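Colleague: Marked as region 'Disordered' by Swiss-Prot: 1-192, 751-782. Residues or ranges marked as compositional bias 'Pro residues' by Swiss-Prot: 7-51. Summarising the annotation, Swiss-Prot assigns compositional bias 'Basic and acidic residues' to 75-84, 94-114, 177-187. Summarising the annotation, Swiss-Prot assigns domain 'Helicase ATP-binding' to 377-582. The ATP binding site annotation in Swiss-Prot covers Ala390, Val391, Thr392, Gly393, Ser394, Gly395, Lys396, Thr397 and rests on sequence analysis. Residues or ranges marked as domain 'Helicase C-terminal' by Swiss-Prot on the basis of sequence analysis: 593-756.
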Amino acid sequence: MESQSILPPPPPPEDASAPPPPPEESAAPPPPPDVSAPPPPPEDLPPPPPEPEVKKKKVGWGTKRPATTPLSVEELVRKKREADAAAARPKFMSKAERERLALEKRAKEVDAQRRRTNGTPNGVDGMDLDTPSRGFRTPNGDSRSIPTGPRAMRNGDGPTPTGPAAMRSRNDSGTTKSDKKVDKRFNEEDEAAAQAALIKQRYMGADQTSNFSAKKKRKRTTDRKFNFEWNAEEDTSGDYNPLYQHRHEANFFGRGRLAGFGDDVADSVAKKYAKALEDRDREAGSIRAREILEMERRRREESTRNQLDKHWSEKKLEHMRERDWRIFKEDFNIATKGGSVPNPMRSWDESGLPKRLLELVDRVGYKEPTPIQRAAIPIAMQSRDLIGVAVTGSGKTAAFLLPLLCYIAELPRIDEFEWRKNDGPYAIVLAPTRELAQQIEIEAKKFTEPLGFNVVSIVGGHSFEEQAYSLRNGAEIIIATPGRLVDCIERRMLVLSQCCYVIMDEADRMIDLGFEEPVNKILDALPVTNEKPDTEEAEDSSAMSRHLGSKDRYRQTMMYTATMPTAVERIARKYLRRPAIVTIGSAGEAVDTVEQRVEMIAGEDKRKKRLGEILSSGDFRPPIIVFVNIKRNCDAIAREIKQWGFSSVTLHGSKTQEQREAALASVRNGSTDVLVATDLAGRGIDVPDVSLVINFNMATSIESYTHRIGRTGRAGKSGVAITFLGNEDADVMYDLKQMLIKSPISRVPEELRKHEAAQSKPTRGAGKKIEEASGFAGKGGW
């Protein structure tokens, strides 16, 4: 073994012209030529003399390597061209050689199959005992097996070494360090991609894209399924069986019938059965037949009563069910709270009002009740205390006037005895402004004069002597503002000894104007003998109506408002007993019939120019109302409007009562085109057929804005409200944007939507504006 390891390799064969044998398929391909290795010596030269043995030098990373001479480009191109030409030439192989190669290949396949099937004697699968042992190699490439020959000849199936061992690849396992680096880089990239996918799913949610495709061809699973159903034309039983040709009809006793048939079939069956009874027995059978037909008629009516496909407007009142009432309330946006609240009325005939009062309603022209009238009148007719929350212009005046007239109609006439005149009215109606009080008086006289009742209004701007003269004959109903009514009580012009009906209209506006203390004084002046108990008995309509026709009837209190601030709730808790709460829509919202438009215009001159363009466009017919915030601006804008060729009047707190009434009368009768006013005209003033409301200055609060635009679109008619907005209105921009969003027919302009002040609700009390006018007493007020 020692001698074999030092022998040089055998010399090449002498016959260089003979073709080399074909390479075996199982042999590994030769390695690429090593460009750093020196070329082999030519064959015709004699072998070089043996070189003296030189001691090996230590090779390391710091050792300087000898410079190698690179090959020329022309030499490489020439070699490549020769190799390509040799590969392109066909190689001739004899038949015997081809058969030999085929037999060798087949023998190797059989041998490999035999080794895989039977295994080796030692139990090691896949090892050839005839070949030299390859041994086990560590990751560093070192062999741990027993050497069987020279290092250069251990791997017999490998290529012959062509250079020093230090310049050859030691990794024989097929995986190089560069491959390991590539795999490691790919693993790191896969891990980074997986982490990025998890982060994307965490913050952006799972992928909602569906991979479903309707065009994708699906495998049909019912092709070979046997069909157990037969078509009608495949039935052959009727050809030979007479039973199928003459089918027997099932006859039921009495009203029995097959399911799935309509009432017409049941009616015909009942008539047929009744006729059979009459034919069998003329006397008793005819009576029984009539009873059966009557039973069938009642059954048909009962089924019609419980039908769900009929609308509530097509049903009778006794046929209405809880589901129908729920749909009815949703249609009119009615919400009620409180115990024992009656159902709304669908028409005036179901209101429970006296016949004489219904005739007056028809004469005045109230065809269909409004939502607040549908819900509030049945509750008020049961002597219940009531809080009505409804949008402006919804018919609240008639909602409390009609039950009031029905209430006092049961009481003795006030002019029957002299002492009754001196005990004061039966009912008082409180309103925040003089104009609203006079408007309620006009509406009330439409019903009270035919019934013989006396109505008197007590408001500021008129002398006390004139109002005392109006009260000389007594009055069943007094309509007043809180301030003037307190003055009359303190001057002993009026007492409330027999007052049993109290109505507060626009209660939230009265609180805003500082009338909370006068309202408390008025309510404290009422008698306590007829006050309702604060128990469940206050919800019992029969108990509250027990003393009909006498003086001792329980007091009934009603409050109507558009919003519910804290002060209004405080008054309601103190003076109302177990009230029923009726809400139409949402508190504080504008009516859906008003189209709200907002224009961002800064500066008085630009707003005046835009106002002139709107009035001159001819798109809106008079009357038109223009609202401003400051009283001195009313006259200036009115002069501008007159210069444009339109007639105009002003309405504000510096006007006398006669001037206010004359201005409203000129607008109502059509002699004036434009009314320029402050918030004095923004609450409760009813000017018919107002087509346009212009807010020259935005209101200081969203509640005032709501009642300003409520002057148009009243009684179900449509209207338009245009508001000029500036940066000084930042406190109300957020609420204004929310109101425009809720309106189905309005649009939020982009300037308002993107404005900084409209993004969040302002803090309470920050930048709150103070209204200039502060009351209604004399010229100093509105």
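Each Cβ is built from the backbone N, Cα and C atoms, and glycine gets one as well.
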Colleague: Could you tell me which of these binding-site residues, Ala390, Ser394, Gly395, Thr397, has the fewest other Cβ atoms within 10 Å of its Cβ?
Modeller: Gly395
Colleague: Need one number: mean pLDDT over the domain 'Helicase C-terminal' (593-756).
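Modeller: Summarising the domain 'Helicase C-terminal' (593-756) by its mean pLDDT gives 85.
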Colleague: Lys396 (ATP binding site) has how many other Cβ neighbours within 10 Å of its own Cβ?
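Modeller: So the number of other Cβ atoms within 10 Å of Lys396 (ATP binding site) is 27.
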